[in-house]
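Data block below; observations after.
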């Protein structure tokens, strides 16, 4: 899709309530995919294949969790040119999320604040949607979380329930324990709770692999609001417990860079351009601690190809888009793939 065409579409979508615009966009993508015109509209994305943890990615640019919460637009996003698609966050039981309004654009700052709260129809419905995506043949990640009503001491059971349900359909499973929009969730990022949770997940991963004959890597998604000491502690946990992969980062509670926008006082996680630098710093800090033993997916404020390259140079193996995709459209996928291919070629 040309930048001019997306700009015209965005001018219409940005007249709508953000959550309505999101739903309309997903509906339009599904319709175009069903009519088999999506590849023509989106244009071709260059090939830049890479293999990580046994998964073969056609390129290194993925869709971050939160865009396709219900996993009902998987095939369309695959045809849009993404090298991989991560759906969710999905929870054991359906839940409505937080009260509306809960999604806000900060247009001058190219940012979004959301306090969605894991609104979804539940893991069973999500898995059924994935099974229906028969025209999707790419790498699929399933992002899972706990229900709001589940106390933290029982959180592991929620994650285990989702792990078991997602196992047959996922290429990798991402543990969301860093969203700022579920009360107390980030407490699980402390070293001891994180170690207990990861140990439970790795034990069940071994059981499921033995039962099914297939290995599904487990990733954990971390917040950007962490100190260097916390990064070092979590890195030791991840290495000791055998984490397969890391996703850095989730949205931030910081409002640095958006103070002038009247929306900056809205509660929730901030994403987009104001997060670019901090997320890259966190990727670099984790990469320094992990020393290449755990691959990193870099996400947070990728608004152009330069940002994507910076994430790779900081230590990420793959990147994901969300807010940049909202503001730039599908052309951003191609730009990032081309930039990384030129500046950070894969050693084959």
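Just so it is clear, glycine is given a Cβ too, placed from its N, Cα and C backbone atoms.
Among the candidates 202, 221, 341, the one that Swiss-Prot lists alongside 65, 66, 67, 68, 69, 89, 143, 176, 249, 272, 301, 322, 323 as binding FMN is 221. Within 10 Å of residue 143 (FMN binding site), as judged by C-alpha distances, no recorded positions are found among 115, 117, 179, 250. DSSP assigns residue 176 (substrate binding site) to a strand segment in the three-state reduction. The record gives 69, 114, 115, 116, 117, 118, 176, 181, 250, 251 for substrate. Within 8 Å of the mean position of their Cβ atoms, the other Cβ atoms in that chain belong to 66, 89, 97, 179, 180, 182, 268, 269. Annotation: 221 carries the greatest number of neighbouring Cβ atoms among the binding-site residues 69, 115, 221 [cut-off 10 Å, Cβ to Cβ]. Within 10 Å of residue 69 (FMN binding site), judged by CA to CA distance, lies none of the recorded positions 117, 179, 250.
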